[in-house]
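Asker: For reference, the structure I am asking about is given below.
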Amino acid sequence: MSPLVAGLLQVGILITALAVVYRPFGDYMARVFRSEKHSKLELAIYRFGRIDPNSEQKWSTYAYGVLGFSFVGIVLLYVLQRIQSVLPFNFERGNVPEGMAFNTAISFVTNTNWQSYVPEAVMGHTVQMVGLTVQNFVSAAVGLAVAVALIRGFVRHQTDRLGNFWVDLVRGTIRILLPIAFVAAIVLIALGVTMSIKSGVDVDGQAIANAPVASQEAIKELGTNGGGVLNANSAHPFENPNEWSNLFEIFLLLAIPVALTRTFGQLVGEKKQGYVLLSVMGGLWAAMLAVIWGAEASGLRPLEGKELRFDVAGSAIFANSTTGTSTGAVNSLHDSYTGLGGGGALLNMLFGEMTPGGVGTGIYSILVMAIIAMFLAGLMVGRTPEYLGKKLGRKEVTAAAVSILAMPTVLLIGAGIAAILPSTQGALNNSGSHGLSEILYAYASASNNNGSAFAGITVTNDWFQSSLGLCMLFGRFLPIIAVLALAGSLAAQKKVPVTAGTLPTTGPLFASLLTGAIVLVAALTFVPALALGPIAEALL
Amino acid sequence: MTSTLQRTPEEIRDRHAENLGHKVGSGVFNPRQLLTSFPDALRKFDPRHQLRNPVMVVVWVGSLLVTVFAVTDPSVFTIAVTLWLWGTVLFANLAEAVAEGRGKAQADSLRKTKKDAVARRLTEDGSEERVPGTDLRIGDLVVVEAGEVIPGDGDVVEGIATVDESAITGESAPVIRESGGDRCAVTGGTTVLSDRVVVKITTKPGESFVDRMIALVEGAERQKTPNEIALTILLSTLTIIFMLAVVALQPFAIFSGGEQSVIVLTALLVCLIPTTIGALLSAIGIAGMDRLVQRNVLATSGKAVEAAGDIDTLLLDKTGTITWGNRRATEFIAANGTDERRLAEAVRLSSLADGTPEGRSIIELCVEKYGLSAEPADAEKAGEFVPFTAQTRMSGIDLNGRSIRKGAASGFTTSDEVRGIVDRISEDGGTPLVVAENDEVLGVIRLSDVVKPGMKKRFAELRAMGIRTVMVTGDNPLTAKAIAAEAGVDDFLAEAKPEDKMALIRKEQEGGRLVAMTGDGTNDAPALAQSDVGVAMNTGTSAAKEAGNMVDLDSDPTKLIEIVEIGKQLLITRGALTTFSVANDLAKYFAILPAMFAAIYPALDKLNIMHLATPQSAILSAVIFNALIIVALIPLALKGVRYRPSSASALLRRNLLIYGLGGIVTPFAGIWLIDLLVRLIPGIG
């Protein structure tokens with residue numbers, strides 16, 4: 001079988017698998033968030049947390065919940081790392097240094113899972129399982145909750161209530177992420193992923209690090225987290241042993257973001273509204289795959305930095321999906337990609353993570369972009385702009401603008417300072433355009449809560465640990481606050497009836513408009529920087 | 001007044017153009033305005049003025065910054081860039097000044113009408129005292145006689161008079177104002193032509209209709225409308241994004257070994273931020289208001305104009321809006337064995353001298369259907385016209401012993417046959433006029449409501465725009481239904497009382513729909529206030545004018561449709577120019593980025609697809625294009641993007657094609673052309 005056919009076959013299997021789960025999975029998630037009933041386990045949790053699950057919150061209270069929960073998560077994770085030396089299963093791995101612990105705590109709570117550490121040398125099983133893995137679940141559930149709150153903003157009218165954050169968080173974790181991750185872990189074990197409580201195995205006298213990989217691998221992909229328990233991440237044979245496990249992992253990381261478009265359509269009561277978002281996400285995903293795959297296949301050294309068992313296609317599909325979903329797991333070294341291929345992965349993140357984006361974040365990011373696109377489109381048809389029956393006025397545009405501004409702001413400030421710091425030169429493997437690509441990639445990955453590493457850059461000095469940490473923090477929570485404020489002002493509105501004058505948002509016209517807006521915003525913001533990095537590299 | 005209702009919308013538009021031709025250039029941009037507005041444009045360099053516009057304030061600060069560098073390190077390039085950056089600010093100022101200038105001309109001509117009239121105020125004991133018009137207070141009673149100017153806005157409480165309102169409306173035909181009823185409102189500054197009236201003043205000095213109109217056209221009280229505010233936020237966001245992108249570019253350039261000068265970075269920034277729309281935004285708003293004024297409509301706020309573009313439901317009064325205000329003859333029915341031709345001839349004779357609209361419509365029917373002459377023959381001129389009176393309820397002519405009369409059936413002795421015809425016509429919603437010669441009944445004229453030509457097409461257009469039309473009438477449901485079907489309205493409200501109208505508006509609004517209506521009577525006032533766009537007729541009462549948020553000086557109810565179109569056009573112009581402005585950036589990147597960085601990465605010169613001569617000429621050409629496009633688009637901003645009623649998707653597709661795709665292509669051509677000239681400058685090329 002030629003590599004092209006093999007690659008297309010993989011894409012075909014992947015899309016088929018996603019298509020099969022799309023409806024049941026999307027509908028299930030809609031039911032989860034619409035259900036009035038609480039399970040016994042959930043009720044016990046609410047009692048323990050003294051939460052009234054039937055009370056609903058205003059957007060601000062909802063936002064306080066998100067921020068408070070995440071802040072406590074960061075503190076706990078930080079403390080856990082700093083006292084590792086006294087924790088069980090530490091395998092004599094000592095306390096994590098301050099800068100690294102700060103960066104890692106933020107990284108996992110913000111669903112970024114940027115790793116400035118070597119897991120098998122730094123983290124013991126306790127921090128890994130009680131700290132990092134817990135955040136793998138709940139940080140994804142936070143993203144889901146925020147997305148659902150925004151959707152409620154569209155669905156509800158003349159109310160200031162957006163649902164209960166704690167209920168959404170608990171349901172997302174218990175009803176969606178845990179059961180699927182459980183099944184996925186078993187599948188992964190069956191596919192050959194390791195699962196061991198020991199710190200390593202002895203192979204012919206050589207100690208090979210090991211861990212309970214499969215259980216964490218499942219949520220690593222499913223929750224679009226990406227932080228591996230082994231340094232080589234999904235390139236490691238214990239994490240990703242063969243083409244089938246590779247394909248399954250790609251499937252896992254795309255599953256929720258893709259199915260959420262169905263959930264969205266269900267919740268707003270018009271499935272087409274979800275399909276059109278899926279078509280935009282899928283269209284960009286496919287286009288970027290063509291760019292990355294094409295660039296890599298025609299590169300001078302197509303297999304440099306790639307695992308032979310995945311070949312170019314298996315690496316390109318993974319790279320495209322992991323950067324398009326804010327997952328950040330990697331099965332190849334993006335630093336070794338061609339200028340265009342690596343630039344493509346970078347651009348995927350610069351789109352703002354919506355092709356199809358992370359768990360929850362993908363759908364709320366694309367909805368924010370849809371609001372901007374519909375604002376301009378609405379003006380162009382001569383009506384006060386509206387989307388999904390809600391008018392887009394001063395408040396809505398402001399919230400959408402803040403949400404969109406946050407990422408480029410922290411990214412460009414961080415990367416700009418890093419570029420001129422003398423210490424940076426020492427941290428880079430390359431100078432010139434590829435060196436700039438390495439800096440841009442690191443800050444894009446952090447600011448977009450992707451977490452994938454281009455590598456080729458050593459990020460352990462204090463500047464990188466703290467600046468990337470802050471990029472992750474603001475890149476995550478500024479948009480979340482803006483999105484919840486947006487949800488609040490949408491929910492407070494009356495519903496505008498659909499008339500013949502309403503601009504339809506289900507057809508190809510809207511899809512191209514939205515695609516255009518996503519590409520244009522990213523291009524206009526980042527072309528100057530990209531010109532000196534990947535573009536200069538690719539044109540050489 | 002009735003004369004206005006007789007005209008088709010097209011005629012009315014033409015007439016405005018004529019009447020207002022002396023006041024403002026009606027919608028057409030005259031390049032001379034650029035020159036005359038120049039002093040105003042210079043005044044707008046004041047930083048306090050610039051602060052109102054977040055996009056242009058960045059250009060202003062940038063220009064100041066490069067000026068400092070151009071002075072310390074002068075070269076042909078730096079001086080040229082500096083001048084063109086200031087030129088960008090100037091052109092933005094000019095756009096606004098031109099838009100305001102058009103309003104000012106109109107305000108000046110209004111001010112001339114605002115003579116300081118001396119009022120004859122009635123004191124409590126009934127005597128008169130002469131006071132300046134500015135001393136009048138609400139509730140004062142003043143006497144105005146033929147030849148005098150009405151000293152303030154008010155209602156006629158005694159008497160009847162003809163009034164020349166041309167100073168306000170541009171309409172030279174005098175109108176009748178009388179106490180009581182819905183024709184009692186008079187406007188300060190208009191002149192009484194005949195008779196004597198007592199007017200009760202209803203507004204304070206300085207707040208009169210003319211004062212408000214002046215403030216409005218001058219844009220003195222112009223506040224940003226909701227959509228304009230939201231758009232300004234979006235433009236500010238884009239400006240911030242580009243500032244970040246350009247500021248961060250310097251460290252990246254230093255990292256890459258190609259540090260850039262402040263002048264080049266500022267030039268890049270100014271080219272990228274949405275200066276085109278930023279410069280034209282306020283001109284678009286002022287011009288939108290101006291377009292309304294040109295159509296003789298006064299809006300109390302820009303917000304109302306915007307709301308007009310959002311209207312979902314239009315309530316239209318049947319009479320005068322959908323049908324001719326007056327009933328027209330549609331059929332002659334002979335009776336008592338009379339020959340139909342004889343009836344027609346008699347009818348014609350009786351109506352030759354009848355100047356009423358009904359009379360004219362009878363003559364028209366005689367001409368069209370029976371081929372009779374509309375002009376009296378010499379022999380017929382001797383006839384003596386007998387006018388209609390309330391007592392006789394008939395009119396006619398006495399000629400050579402023939403006495404022809406037409407009028408209400410009750411004035412004649414009628415046979416069963418004639419009574420049958422009369423009843424049938426009444427049941428159909430028509431009005432029967434019995435015709436008799438020397439007391440012998442010849443037949444009956446059917447007068448019926450006639451839908452104005454072209455209404456069906458207009459309603460179809462409205463439907464395409466997504467607007468539902470509801471006809472409101474006092475007729476019985478059967479008649480209403482027939483006319484509604486003929487006119488092609490979506491719905492009707494029959495036997496409507498003011499409360500019903502109000503209830504309908506509330507019901508629509510509860511469903512989230514925006515409602516527009518016209519009205520003139522005092523009993524329309526609550527509904528006018530409740531509706532989202534309430535257009536009061538100038539002939540209407542003060543109460544109606546106060547309640548609505550627009551006043552139509554022509555009192556032409558069909559104008560509501562035009563108002564909706566102007567509201568939409570306003571938004572479309574903003575959206576289209578924003579799209580154009582942003583789309584322009586692509587070409588500017590292709591021009592400027594290779595110019596900046598081809599020195600360190602020669603491969604980037606591949607992006608110089610316009611083959612611009614040198615880095616300096618490339619940057620300068622982009623800056624010049626960016627400035628000139630503002631001037632080039634001033635006419636469009638003032639005139640508004642063309643609006644054709646069609647579905648939202650069709651509109652979007654069309655505007656995306658013209659302003660999106662056009663916005664991408666135009667600057668490539670423009671910058672390339674400018675570069676061909678700029679490269680000839682020594683020190684640049």
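Here the Cβ of each residue, glycine as well, is placed from N, Cα and C on the backbone.
Straight from TrEMBL, here's the annotation block:
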type: ACT_SITE; residues: B:Asp317; note: active site, 4-aspartylphosphate intermediate
type: BINDING; residues: B:Asp354, B:Glu358, B:Phe388, B:Thr389, B:Ala390, B:Gln391, B:Thr392, B:Arg393, B:Met394, B:Ser395, B:Lys406; note: ATP binding site
type: BINDING; residues: B:Asp520, B:Asp524; note: Mg(2+) binding site
type: DOMAIN; residues: B:119-218; note: domain 'P-type ATPase A'
type: TRANSMEM; residues: B:53-71; note: transmembrane segment
type: TRANSMEM; residues: B:77-95; note: transmembrane segment
type: TRANSMEM; residues: B:229-250; note: transmembrane segment
type: TRANSMEM; residues: B:262-286; note: transmembrane segment
type: TRANSMEM; residues: B:586-604; note: transmembrane segment
type: TRANSMEM; residues: B:616-636; note: transmembrane segment
type: TRANSMEM; residues: B:656-674; note: transmembrane segment
Asker: Counting Cβ pairs closer than 8 Å, which of B:53-71, B:77-95, B:586-604, B:616-636 has the most of them with the transmembrane segment (B:229-250)?
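Answerer: Highest pair count goes to B:53-71.
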Asker: Is it true that the transmembrane segment (B:586-604) and the transmembrane segment (B:656-674) have 3 or more Cβ pairs under 8 Å, skipping pairs fewer than 6 apart in sequence?
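Answerer: Per Cβ check, the transmembrane segment (B:586-604) touches the transmembrane segment (B:656-674).
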Asker: If you count Cβ pairs under 8 Å, which stretch among B:53-71, B:77-95, B:262-286, B:656-674 touches the transmembrane segment (B:616-636) the most?
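Answerer: When the Cβ pairs under 8 Å are tallied, B:77-95 comes out ahead.
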Asker: Using only C-alpha positions, which one of B:Thr392, B:Lys406, B:Asp524 is spatially nearest the residue listed as 'active site, 4-aspartylphosphate intermediate'? These are the binding-site residues in the record.
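Answerer: Given the candidates B:Thr392, B:Lys406, B:Asp524, the nearest one is B:Asp524.
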Asker: Tell me, roughly as an integer, the mean pLDDT over the domain 'P-type ATPase A' (B:119-218).
Answerer: 82
Asker: Highest CB neighbour count within 10 A among the binding-site residues B:Asp354, B:Asp524?
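Answerer: Its Cβ has the most other Cβ atoms within 10 Å: B:Asp524.
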Asker: In whole Å, how far does the CA atom of B:Lys406 (ATP binding site) lie from that of B:Asp520 (Mg(2+) binding site)?
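Answerer: Pair distance, Cα basis, whole Å: 32 Å.
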Asker: Can you tell me whether DSSP puts B:Asp524 (Mg(2+) binding site) in helix, strand or coil?
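Answerer: For B:Asp524 (Mg(2+) binding site) - judged by DSSP and reduced to three states - the answer is helix.
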Asker: In terms of Cβ proximity under 8 Å, which residues at least six beyond the ends of the transmembrane segment (B:262-286) contact it?
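Answerer: Result: 52-56, 58-59, 62, 65-66, 69-70, 77-78, 81-82, 85, 88, 91-92, 95-96, 98-100, 102-103, 219, 222, 224-225, 228, 231-232, 235, 238-239, 242-243, 245-247, 249-250, 302, 570, 573-574, 577-578, 580-582, 584-585, 588, 592, 596, 619-620, 622-623, 626, 629-630, 633-634, 637-638, 640.
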Asker: Measuring Cα to Cα, tell me the gap between B:Thr392 (ATP binding site) and B:Asp520 (Mg(2+) binding site) in whole angstrom.
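Answerer: Each residue's Cα considered, B:Thr392 (ATP binding site) and B:Asp520 (Mg(2+) binding site) end up 31 Å apart.
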Asker: Can you count the other CB atoms that lie within 10 A of the CB of B:Asp317 (active site, 4-aspartylphosphate intermediate)?
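Answerer: So the Cβ neighbour count for B:Asp317 (active site, 4-aspartylphosphate intermediate) comes to 22.
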Asker: Relative to the Cβ of B:Met394 (ATP binding site), which residues of the same chain, six or more apart in sequence, are found under 8 Å away?
Answerer: B:Val386, B:Phe388, B:Arg405, B:Lys406, B:Gly407, B:Ala408, B:Gly411, B:Phe412
Asker: Helix, strand or coil: which one is B:Lys406 (ATP binding site) in, per DSSP?
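Answerer: Assignment for B:Lys406 (ATP binding site) reads strand.
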Asker: So how many other Cβ atoms are close to B:Lys406 (ATP binding site), meaning within 10 Å of its Cβ?
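Answerer: The answer is 27 other Cβ atoms.
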Asker: Within 10 angstroms of the C-beta of B:Thr392 (ATP binding site), what count of other C-beta atoms is obtained when all protein chains are considered?
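Answerer: The answer is 14.
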Asker: Pull the DSSP breakdown for the domain 'P-type ATPase A' (B:119-218) and write it out as helix, strand, coil residue counts.
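Answerer: Reading the DSSP string over the domain 'P-type ATPase A' (B:119-218) gives 17 helix, 41 strand, 42 coil.
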Asker: Sort the residue listed as 'active site, 4-aspartylphosphate intermediate' into helix, strand or coil using the DSSP assignment.
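Answerer: Going by the DSSP assignment, the residue listed as 'active site, 4-aspartylphosphate intermediate' falls within a strand, counted as strand.
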